[in-house]
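Structure first, commentary second.
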Amino acid sequence: MGKIIGIDLGTTNSCVAVLDGGKARVIENAEGDRTTPSIIAYTDDEIIVGQPAKRQAVTNPTNTFFAIKRLIGRRFKDDEVQRDVNIMPFKIIGADNGDAWVESRGNKMAPPQVSAEILKKMKKTAEDFLGEEVTEAVITVPAYFNDSQRQATKDAGRIAGLDVKRIINEPTAAALAYGIDKKQGDNIVAVYDLGGGTFDISIIEIDSNDGDQTFEVLATNGDTHLGGEDFDNRMINYLADEFKKDQGLDLRRDPLAMQRLKEAAEKAKIELSSTNHTEVNLPYITADASGPKHLVVKITRAKLESLVEDLIQRTLEPLKVALADADLSISDINEVILVGGQTRMPKVQEAVTNFFGKEPRKDVNPDEAVAVGAAIQAGVLSGEVKDVLLLDVTPLSLGIETMGSVMTKLIEKNTTIPTKAQQVFSTADDNQSAVTIHVLQGERKQASANKSLGQFNLEGIEPAPRGQPQVEVMFDIDADGILHVSATDKKTGKKQNITIKASSGLSDEEVEQMVRDAEAHADEDAKFEELVQARNQADGLAHSTKKQVEEAGDALASDEKEKIEAAIATLETAIKGKDKEAIDTATQALIEASAKLMEIAQAKAQGEAEGQAHDAGQEKPADDVVDAEFEEVKDDKK
């Protein structure tokens, strides 16, 4: 059985870990980094992921996608999406089904399709480390993700060629990473998770007793559209406003300038966590009729804190709600864990310390803890980790729309999962032969104010006066937090089942098509990699052969020289094309054409070696320098 890997699919950065000798290990990617920027770029002939994609973003802003997680499982008309439409350098569009999609070079793509490229990079990173194929994964999501967002994340895994064995909440994963080595006692832990695009708070009880550990989530709350990207956007808007005041030009209309501004804002924000002031200096940021313009703005930590103060305050209300839902007071919290890169900001740490009345722990890596926890959960599923029980919850209430456009809840928020619930409903009209089951997720009484997860009809109900037919609706939430619904006419036994997909979302056919596309791209990518290797080898051969021709001088006959130069020219032409076979053929032709060169080079090397040996024999040096002179002869031979 192959390894199950743990993946933290983050808004800003992603991370992959695996159990290695019973311990979770974060795996370095091909660039040698332990985290990978969640950035995907589409060029003419390839898809670039991670740090290489980030490096080229300034020159390719409209085809470089970041923070895609903020769009996953969302509708285009959502207020949060509309805010992003106005500030992102790439194009966010409404799909035919109403979902938020993106567009690159005329191709429309669903967020799970784009996110799958990051998951593929994580999969390849793990495979390179393990030396074997990886097909199974545990993927983390924000605790406050709704059903649509969880389903979309599983879809991304399928498109990437992964069987997603479990979806696990990020704060729960962080608690696993923190608590797995705490062998005794009962601890109540608050996990404050402020990442790149989402915020979660989870109250978790860790019970360690005689080697058995139970991680029970007591309550969770959060905001799926609040994170480091919003902090960056405040800084971006401030810099753009300052530039407009100074120069009268609005940088928001220039995607290239906005991409440079984004990078500078993120860098300045990070610097201000360890220093009190910094300067953003972007020469040639734009130009007008009078010439090029430069942006130079000094910014202090105090200014940044004033720009984001309300964002930090927005994280505190969910803390109060989560404590109330868990029926706990602040004094009941034993430890506070910070997760997510944005928690490195001193003002965030100060706000959390003031709220809980205690310093957060510093021994949890905010960038890696979630992936480590996912790897531990993977170990639990594979049987490698024993005596660990994880009890997670559903973050939002689930129910159906009933008469008067009211949401009737079947499963309350913070219910431990997996779970089932059923309730009997009846008809609203006389002789009604069908009922529509409209499934909702949220906390509002008014049905329309909640998230619609989908609807289906139960038909064939026998005509009867209103209120007499009995329809049993059953909700079943699996361990991934994904909902399955059935409705049964108790008299006839007729039943209708669905696994809830959002009223939008991707159909199975669309996901399968994307899986096939991804597999086709994998072949394309492999061929492209082979082409690049062939080009590089050929280029190196052409360069070294030219040098050898020069060094050979008159020792090389003119007809031989012409033959070699013609072969070099043919190879250089082939390198510019995209035909690997043509490059390989031209490479072999040059190797054969330059056989005479090799003879000349070998003869020259042999002559030099004999000359040096003769010189060494003529001169009898002292014993203590013989070894050094012998070394010199060897080096020359090389």
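Just so you know, glycine gets a Cβ as well, placed from its N, Cα and C.
These numbers come from a predicted model, not from an experiment.
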For Swiss-Prot, the entry region 'Disordered' belongs, out of 491-527, 602-638, to 602-638
Expected hit for region 'Disordered' in Swiss-Prot across 266-286, 350-370, 539-559 is 539-559
For the region 'Disordered' (539-559), distant same-chain residues with Cβ under 8 A (at least six beyond the ends): 565, 568, 571-572, 575, 587, 590-591, 594, 596-597, 600-601, 604
Nonlocal neighbours by CB distance (under 8 Å) for Thr198 (phosphothreonine), same chain, sequence gap 6 or more: Thr11, Lys69, Arg70, Pro142, Tyr144, Phe145, Glu170, Gly222, Asp223, Thr224, His225, Leu226, Gly227
Taking DSSP H, G, I as helix and E, B as strand, the region 'Disordered' (539-559) contains 19 helix, 0 strand, 2 coil
